[in-house]
Amino acid sequence: MARNQLQVLNALDVAKTQWYHFTAIIIAGMGFFTDAYDLFCISLVTKLLGRIYYHVEGSKKPGNLPPNVAAAVNGVAFCGTLAGQLFFGWLGDKLGRKKVYGMTLMVMVLCSVASGLSFGNQPKAVMATLCFFRFWLGFGIGGDYPLSATIMAEYANKKTRGAFIAAVFAMQGFGIMAGGIFAIILSSVFEAKYPSPAYMDDAVGSTVPQADLVWRIILMVGAIPAAMTYYSRSKMPETARYTALVAKDAKQAASDMSKVLQMEIEPEQEKVEEISNDKSKAFALFSKEFMSRHGLHLLGTTSTWFLLDITYFSQNLFQKDIFSAIGWIPPAQTMNAIQEVSKIARAQTLIALCSTVPGYWFTVTFIDIIGRFAIQLMGFFFMTVFMFALAIPYNHWIHKENRIGFVVMYSLTFFFANFGPNATTFIVPAEIFPARFRSTCHGISAASGKLGAIVGVFGFLYLAQSPDKAKTDAGYPPGIGVRNSLIVLGVVNFFGMVFTFLVPESKGKSLEEMSRENEDYENKTVPIV
């Protein structure tokens, strides 16, 4: 395939692993570190928000966010992310990866800070402004998905491309863990400085006025890692694949990559013009030609990401509810407000440390050895197995002596999500579509995933409520319970395994080979002997 490929692209494909690869991983990865911190830190503070703003005088339980407010606070960032993935994905193909890349970071920095500054002290004002800024925070985060994946794919060599893209995505694990660790440290400082009784001893006194600063600081700190990488992103050259194949500027592509690879590269402007003038490649997105070449692949990437995120985000955001249900986190009334933040953060950090982070790095290690398809299929299979193993004997797990077993099994579902479809659904869309649609198609696939996350977050919020009206949280209708919710998630994982068969294997192949961008040019220029 390489004989008629542009020299600049072939040089990237066969380049040995160099310092610029690691620089790109760090620059792109810090964006994902911030993304994960910002998206998941909200689960650390929702219980605190309920105590501060929705306390009910005389209630035996601390205040909870009302159902509609909880759904908005948890889900609004995903709505913004979905919109950002579609918009910035499309913009990345129109204006170039680099031009758009800095915009997403600035949106994230500004909205992280603004989220913590949510105005007023009345519940409606605070929640309305928090949701507004978290929507736009999600919008910026959304742009990071298609752009980071596309940039890393277009910079990487074909031998280790999967590991490089996976390493960018793996920074999510550190972002989740950092959010938990920071919340533990901050709550410990506030607990030492402003001690207070448990809710059952003093309902009002259990939430000190300074607790209002805790959630604001946790949300605002997400701006720091994003701000730190802005300058580096602005100095990255445009990817050669965009410059040569989309912008059709072979000279600039060769010049940029000569500096990056530290070697002489011939511009080959005539070959670029010949490839760009090939009528067989002039088809539009969603045209009949596009659908015949890439339609099933797009269905595969969108459906698997959609199904994965239903499970993944509902599990991640509602860990605290599941752990409370099995008694791993003490009853809320036995703690003060700041202690509850600390307990939730400890549980979330332990899961991230023991299963989420190792799962990501297993993918980095093995993806270019056993391939994307095998890892995704295996991940969905084991997620299905462990979800049913938790759900079917659920009444066994809720006994105190069996809680550790439940936590171990629950952790394994996270491990195989990350050593599985959570990583591969991010990687594959950046490898299998033509350069002029790559960012857009990745954005569409990622947006499908966020649609799944919204379904998971809003659905699980209601479904996981007890069927017994007397045991539901205030304001919620009866649901189907945690056990039946876990069964539903197990079925979703099974369908993810089925739809994986629509996704092609891209291990060891060039981006042009996967997207068939060389195909017609080669058939036309290489005589058949």
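Residue numbering: from 1, along the chain as shown.
Heads up, the Cβ atoms here are built off N, Cα and C, so glycines get one too.
Fair warning: this is a prediction, and the values are worked out from it, not measured in the lab.
Here is what TrEMBL says about this protein:
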type	residues	note
DOMAIN	24-508	domain 'Major facilitator superfamily (MFS) profile'
TRANSMEM	20-49	transmembrane segment
TRANSMEM	69-88	transmembrane segment
TRANSMEM	100-119	transmembrane segment
TRANSMEM	163-190	transmembrane segment
TRANSMEM	213-231	transmembrane segment
TRANSMEM	349-367	transmembrane segment
TRANSMEM	373-392	transmembrane segment
TRANSMEM	404-423	transmembrane segment
TRANSMEM	443-464	transmembrane segment
TRANSMEM	485-504	transmembrane segment
Stretch contact, the transmembrane segment (443-464) with the transmembrane segment (163-190), Cβ-Cβ under 8 Å, 3+ pairs: no
Contact between the transmembrane segment (163-190) and the transmembrane segment (349-367) (3 or more Cβ pairs under 8 Å, separation 6+): yes
Integer mean pLDDT for the domain 'Major facilitator superfamily (MFS) profile' (24-508): 89
